[in-house]
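Peer 1: According to Swiss-Prot, the feature active site, nucleophile maps to Cys78. The active site annotation in Swiss-Prot covers His163, Glu165 and is backed by sequence analysis. The ATP binding site feature in Swiss-Prot is assigned to Ser217, Gly218, Gly219, Val220, Asp221, Ser222, Thr223. According to Swiss-Prot, the domain 'Glutamine amidotransferase type-1' annotation covers 1-189. Annotated domain 'GMPS ATP-PPase' per Swiss-Prot: 190-383, in sequence order.
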Amino acid sequence: MIVVLDFGSQYTQLIARRLRESGIYAEIVPFFESTENIQKKAPKGLILSGGPASVYAKDAYTPSEKIFDLNLPILGICYGMQYLVDFFGGAVACANEQEFGKAALEIIQDSVIFKGVKAKSLVWMSHMDKVITLPKGFTTIAKSPNSLHCAIESGKVFGLQFHPEVIQSEEGGKILENFALLVCGCEKTWGMQNFAQKEMTRLKEKISDARVLCAVSGGVDSTVVATLLHRAIKDNLIAVFVDHGLLRKNEKEKVQAMFKDLQIPLNTIDAKEIFLSKLKGVSEPELKRKIIGETFIEVFEKEAKKHHLKGKIEFLAQGTLYPDVIESVSVKGPSKVIKSHHNVGGLPEWMDFKLIEPLRELFKDEVRLLGKELGVSQDFLMRHPFPGPGLAVRILGEVSESKIKCLQEADFIFIEELKKANLYDKVWQAFCVLLNAHSVGVMGDNRTYENAICLRAVDASDGMTASFSHLGHSFLEKVSNRITNEVSGINRVVYDITSKPPGTIEWE
């Protein structure tokens, strides 16, 4: 096991993800985690992540110096490397030539972490400071055109100025694997088969004879949660699917059919009127999310009372993932809150259930692998992510039945055309957004003043970062023509070419 100390880098989660892809378990803790807590995890090595601060600044992020008393191998990445240099007596200063993006790495000395790594490769840089002087006992093992000390080592302490965790670093995964396997002595024991077995055992012990209400949205995450729980506790699971009126076209029927195939009893609740009445007049995104979160719990509590004769319901299960938690609140380090997730920040304080989130520490690709391990169909597992608040966060401004219908039809056309063109499985996520703006148009000889639809498609590997999908002009033209001709109330279609960062994948 490797413990990653998070200093606030946007890429910290990718470090854990890359190691897990290699079968090595990695866990993330904030940089200020106590040495005692780290020691309890019994790690075989530490990785210090990158971060936005400068080691020479007054407010620099510094971990407990006691981490060095653990006598564990340490790998510092970007800020982590600069911290090591500063701590051991070297010098770090603001770089005259800052590096952002791809750079050419050249290995200049053999090292165990470079075993099997090409002598020259491209790596990903993202730093404004650089190492000026190495501490005594350290050696430079790689360089780049603008970084003479691009990789350093001293015994079992290593530093990398670049980000091996980012996919653009061609040999990054191999370097991280070498550190974990060859330096730290880790073994490849992490995988979804082991996770499924251990998690089912944990769930059985935690839940015991209690009953669990599982919130099913129809998405991959909640479906995998329900399947995992059903394997673990059988009839003590009450799977509840709430039709809040904010679903995609034909969503309810698809979900019911899929759960029937999985042989999991599903309780469907028609709560459309309740949700829409509470959302009436509400246009602020965060308020919409919180209203939906609170209304979900209200509906679940009512459903729980219907089942009380069969045993008390103590737990509420949700399909919360790592990125959900990261975007809601900084639980792993000094990153900043972006927006609340309906599974986390939107929950009311008066909630009576104990929360259980089996997937909380998993990335999306791991959830799909887990689902495959549990027997969920591949076609379903490859469905694009869908937000818990549903179309409410894809309708900018106030939500209404007419807007929902309009968005459902447009979204259905977009997805249908992606599948016809064999593009659906090539993009990470695709959907439509109904904008809160009207524009002038012409239909026949008549002037129109109607809604605009925005098409959104992104490429990503885990949702932490994303770039817009480069869909062909002819394809976009076809989708636009269909939407404006077939969907009443739409006279303009635009395509979102914003990446994440600076934007988020969803608009609200």
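Heads up, the Cβ atoms here are built off N, Cα and C, so glycines get one too.
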Peer 1: Spatially speaking, which of the recorded positions Cys78, Ser217, Ser222, Thr223 is closest to His163 (active site)? Use C-alpha to C-alpha, please.
Peer 2: Cys78
Peer 1: Can you grab the distance from Ser217 (ATP binding site) over to Glu165 (active site)? Cα atoms, rounded to a whole Å.
Peer 2: 32
Peer 1: Taking the Cβ of Ser217 (ATP binding site) as the centre, count every other Cβ atom within 10 Å, in any protein chain shown.
Peer 2: 25
Peer 1: Sort out the sequence-distant neighbours of Gly219 (ATP binding site) for me: same chain, 6+ apart, CB within less than 8 Å of its CB, listed by position.
Peer 2: Gly319, Arg383, Pro385, Phe386, Gly388
Peer 1: For the residue listed as 'active site, nucleophile', just give me the three-state DSSP call.
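Peer 2: Going by the DSSP assignment, the residue listed as 'active site, nucleophile' belongs to neither helix nor strand, so it counts as coil.
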Peer 1: Given a 10 Å Cβ-Cβ cut-off, pick out the one of the binding-site residues Ser222, Thr223 that has the most other Cβ atoms nearby.
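Peer 2: Ranked by Cβ atoms within 10 Å, first place goes to Thr223.
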Peer 1: List nothing but the one residue from Glu165, Gly218 whose Cβ has the fewest other Cβ atoms within 10 Å; the candidates are the recorded positions.
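Peer 2: Comparing Cβ neighbour counts within 10 Å for the recorded positions Glu165, Gly218 gives Gly218.
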Peer 1: Specify the secondary structure state of Ser217 (ATP binding site) as given by DSSP, simplified to three classes.
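Peer 2: Looking at the DSSP assignment, Ser217 (ATP binding site) belongs to neither helix nor strand, so coil.
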Peer 1: How many whole Å apart are the CA atoms of Glu165 (active site) and Ser222 (ATP binding site)?
Peer 2: 28
Peer 1: To see if you understand the setup: which same-chain residues, six or more apart in sequence, place their Cβ under 8 Å from that of Val220 (ATP binding site)?
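Peer 2: Val220 (ATP binding site) has long-range Cβ partners Gly319, Lys364, Val367, Arg368, Gly371, Phe380, Leu381, Arg383, Pro385.
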Peer 1: Asp221 (ATP binding site) to the residue listed as 'active site, nucleophile': how many Å between their Cα atoms?
Peer 2: 33
Peer 1: Taking only the binding-site residues Gly218, Ser222, Thr223, which one has a CA atom nearest to the CA atom of Cys78 (active site, nucleophile)?
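Peer 2: Given the candidates Gly218, Ser222, Thr223, the nearest one is Ser222.
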Peer 1: According to DSSP, folded down to helix, strand and coil, what is Glu165 (active site)?
Peer 2: coil
Peer 1: What does DSSP assign Thr223 (ATP binding site), in three states?
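Peer 2: SS state of Thr223 (ATP binding site) = helix.
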Peer 1: For the recorded ATP site, whose residues are Ser217, Gly218, Gly219, Val220, Asp221, Ser222, Thr223, find every other residue on that chain with a C-beta no more than 8 angstroms from the centre of their C-beta atoms, and list them by sequence position.
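Peer 2: Going along the sequence, the neighbours come out as Val216, Val224, Val225, Gly319, Phe386.
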